[in-house]
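Copied from Swiss-Prot, the annotated features are:
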type	residues	note
BINDING	H82, H84, E88, H127	Fe(2+) binding site
BINDING	H82, H84, E88, H127	Ni(2+) binding site
Amino acid sequence: MDDSEEDQRLPHHRDPKEFIPLDKLSELGIISWRLNPDNWENDENLKKIREARGYSYMDICDVCPEKLPNYEIKIKNFFEEHLHTDEEIRYCLEGSGYFDVRDENDQWIRVAVKKGGMIVLPAGMYHRFTLDNENYIKAMRLFVGEPVWTPYNRPHDHLPARKEYLDKLLKPEGQAVEAR
């Protein structure tokens, strides 16, 4: 992603364009699926994902000027770099937007989220969200247990969730770690 301060809703490709493979996102702890948003109420794949990952709570949120109270303030808050102490799970039922996430070198990667895309950002990962130029997304928000959506704006490197995330990022599964 480029470093331009231009409209946050634009794609912000680097020049020349650079596309990040899903394997790279997986290395950062991001999980994603492509599901059928037109039949989400009866989607067996969604049910299996929710059961396997313990996503017991869900709601649906329309993000657009006409439907979201205090729209401008909320969009500004979504785009402030932050982390959560729990996973952030979003399933795009309509519309589109971007999650910007930090890689291991603290560089931004822009992840497009479109209709049918479900994404899980790990706890402790710095990120931000913005709509694209369509200015609309209808998203299912999923949580383990009661919903907690507390953003910790950067810097909050002292939080256990951040330390655990960095440990996983720097010491991938299968790599030897020092005994304590």
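For all residues, glycine too, the Cβ spot is worked out from N, Cα and C.
The number of other CB atoms found within 10 A of the CB of H84 (Fe(2+) binding site), across every protein chain shown, is 20. Each of the binding-site residues H82, H127 was scored by the number of other CB atoms within 10 A of its CB, and the lowest score belongs to H82. Annotated Fe(2+) site H82, H84, E88, H127; additional same-chain residues within 8 Å of its Cβ mean position, judged by their own Cβ, are L83, L121, M125, Y126, R128, P151.
In the three-state DSSP assignment, the secondary structure recorded for H84 (Fe(2+) binding site) is coil. Cβ environment of E88 (Fe(2+) binding site): V120, L121, H127 lie under 8 Å away, each six or more residues apart in the same chain.
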